[in-house]
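As recorded in TrEMBL, the features of this protein are as follows:
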{"type": "BINDING", "residues": "8-13, ASP33, ARG38, 86-90, 127-128, GLU161, 272-275, ARG342", "note": "NAD(+) binding site"}
{"type": "ACT_SITE", "residues": "CYS272", "note": "active site, nucleophile"}
{"type": "DOMAIN", "residues": "328-452", "note": "domain 'UDP-glucose/GDP-mannose dehydrogenase C-terminal'"}
Amino acid sequence: MVKICCIGAGYVGGPTMAVIALKCPKIEVAVVDISVPRINAWNSDQLPIYEPGLEDVVKECRGRNLFFSTDVEKHVFEADIVFVSVNTPTKTRGLGAGKAADLTYWESAARMIADVSKSDKIVVEKSTVPVKTAEAIEKILTHNSKGIKFQILSNPEFLAEGTAIKDLFNPDRVLIGGRETPEGQKAIQTLKEVYAHWVPEDQILTTNLWSAELSKLAANAFLAQRISSVNAMSALCEATGADVTQVSFAVGKDSRIGPKFLNASVGFGGSCFQKDILNLVYICECNGLPEVAEYWKQVIKINDYQKNRFVNRLVSSMFNTVATKKIAILGFAFKKDTGDTRETPAIDVCKGLLGDKARLSIYDPQVTEDQIQRDLSMKKFDWDHPLHLQPMSPTTVKQVGVVWDAYEATKDAHGLCILTEWDEFKKLDFQRIYDNMQKPAFVFDGRNIVNVDKLREIGFIVYSIGKPLDAWLKDLPAVA
C-alpha cells in the first residue's frame, strides 16, 4: 500500500488529502501537524475550517484510510510520498522584508524529513513558494541524506476557497513539476498515477520545477490583476456616471476576456494574492527586472487605494466624521462560503473606521469573535504564522462588538457596510433595518449585492462601488 503523509493540516493540506483519500481508497493518507488543537479539531465533529462539502468527505474516509495525527516523525518515516504544506509568510524583517517569503517553516520541515527518513522518498511542494525553493530544499535534503535518495516535485494548488472540494473533484488542471532526469521523471509519474484515479490524463500537466513554481505565482498575479483592473474602472465609473456592472458585463462578453473575476468590490483578500504578488515583485527585483517588479506592484497599490477610497467615501458622506457613531459591518470573511479572514479587506476598512473613532458592530455567519478581535489587533503578516506562534491573547479592541445577527448589528447604527457577499445579506428585510437605524441611514455596499433603487425608495442613502452616485454623495468633494 502506498503511504502518503502531508505536513501541515491547514486550508490546503486538510481538504487536498481528504479528497485523495476518498478517490484512492488503496492509499493510506496521514495529515500531520504539531498543533494539537488543530489535529483534535480534524478528529472531531467541528472541523477547524469551513468549506462546503468538506465534512462529508472527511467523515467518509477518517479512520479508514485518512488519519490526522500530531506524530509527525512516525508518519514521515513510514511515507513513500511526503507533501509539505506549511506556512510561507511574508518576511517582516531582514533581507526582503515586506516582500520575500519566509521559508523558516519549510526549511525545518525539510531538515526533519532528512533526519527521520530511512527509505527513498518523493517530497512534494504544496505550499505556495517562491521560484527556486525546490532547489534550496533539494540541497538541504541531499546534504543530510545519509545515502537516501529524495526526489523533489512541485505540485502547486489552485484551489479557490468556498469551492475547494468542487475544485479538487474537477480541477481545471493538475500541475506537476520535477527534474528532467530519469529519477525526476519517474517521481512525476508516481504522483501522476495518484491523481489519475479521478483526473483525466490530459488535465495532468507536467513541467520542469521552475515552471511549476512560477505558474502558481503567475496565475494568482493574473487573477488579482483582473480585480484591480475592474476596481480601477469603478473609480472612473463613479466620476463619470457610468455603471461598472454594465461596463464589466460588456467587457466580459468578449470571448478573449471572459466574465470571471470582473466584479468590482472593496478589494481582494485571501491568503495568496497579495503574498504571491509581493513574492513575484521580490523575485523580479532580485533578477534585475525593476520595470517588471513595478508593473506588478501597481496591482497591490490599486487594491489598497480601493479600500482607502471606500473608507474615505463613508466618512465624507457622514458629515466628515464617524466619531462615536455606530457602524454596522456585515461580513468579515474575505469572500462568501468560507470562514477565512486572511488579508480580508474588512480588516483595513475596520481599522480605517476605528482610526476615526467609530464604534463597530460586526456580524459574519462563519467568523468567530475571537478571530475578528485577533485580526484587528494583529500586526501585518502575523496571521501567516502557525497559531501557536501568534500573540496569545490579543488585546481586545474596545470599540468593536461582535454579534450573531444582522438585525442586531444594524440596530441604532448610522451606517451599514457590506464587506462580504454572503447570500443571506441579499435576502435581508431592509425596511426593518431602516426602521431601526439612526437617520439619515446610510448603506455602503462594498460587494454590489443590494438593489440600489429599492433601498433608495425605502429611504436609505446608498453608495455602491462603481455605480452612479446618490444625489447626496454628488454634492460632496470627490474622494481620492
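Just so you know, glycine gets a Cβ as well, placed from its N, Cα and C.
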Inter-residue C-alpha distance, the residue listed as 'active site, nucleophile' and TYR11 (NAD(+) binding site) (nearest angstrom): 12
Overall pLDDT for the domain 'UDP-glucose/GDP-mannose dehydrogenase C-terminal' (328-452), taken as the rounded mean: 90
Secondary structure composition of the domain 'UDP-glucose/GDP-mannose dehydrogenase C-terminal' (328-452) [DSSP: H/G/I, E/B, coil]: 42 helix, 19 strand, 64 coil
Residues satisfying Cβ distance under 8 Å from GLU161 (NAD(+) binding site), sequence separation of at least 6: TYR11, GLU51, GLY270, PHE334, LYS335, ASP337, THR338, ASP340
